[in-house]
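Shown below is the structure under consideration.
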Amino acid sequence: MEAPAQLLFLLLLWLPDTTREIVMTQSPPTLSLSPGERVTLSCRASQSVSSSYLTWYQQKPGQAPRLLIYGASTRATSIPARFSGSGSGTDFTLTISSLQPEDFAVYYCQQDYNLP
């Protein structure tokens, strides 16, 4: 039996202007998982964000972030169907239907609704 790998899940902040910031809080911060499992990652915004501006990224050590999902639910080019995104308002989700060995990475949500 393969030992579970660590899937890291971090917090990303955007500072939209001098008066208000949108804080994106992701949970859980880490997961111990095995290949084949279903994974659900959550992202909550401190204020409502248009779905059109919500993106998810995957990052592996030593590599640039890879765009997975844009517009909250649209897969980027060449992203496998096991990745799906959903949500609106303040609550968004990234789901990996069956975790593959190559999916062990850091995942970020980002909002582009309000930028600095």
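Cβ atoms are placed via backbone N, Cα and C, with glycine included.
Keep in mind that this is a model prediction, so the values were computed, not measured.
When I checked Swiss-Prot for this same protein, it listed these features:
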- Cys43-Cys109: disulfide bond (DISULFID)
- 22-116: domain 'Ig-like' (DOMAIN)
- 21-43: region 'Framework-1' (REGION)
- 44-55: region 'Complementarity-determining-1' (REGION)
- 56-70: region 'Framework-2' (REGION)
- 71-77: region 'Complementarity-determining-2' (REGION)
- 78-109: region 'Framework-3' (REGION)
- 110-116: region 'Complementarity-determining-3' (REGION)
- 1-21: signal peptide (SIGNAL)
For the region 'Framework-3' (78-109), give the DSSP counts of helix residues, strand residues and coil residues.
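Split into helix, strand and coil, the region 'Framework-3' (78-109) gives 3 helix, 18 strand, 11 coil.
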Per DSSP, what is the residue tally for the region 'Complementarity-determining-1' (44-55) in helix, strand and coil?
3 helix, 8 strand, 1 coil
On the 0 to 100 pLDDT scale, where does the domain 'Ig-like' (22-116) sit on average?
91
Reported in the order helix, strand, coil, what are the DSSP residue counts of the region 'Complementarity-determining-2' (71-77)?
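Across the region 'Complementarity-determining-2' (71-77), DSSP assigns the residues as follows: 0 helix, 2 strand, 5 coil.
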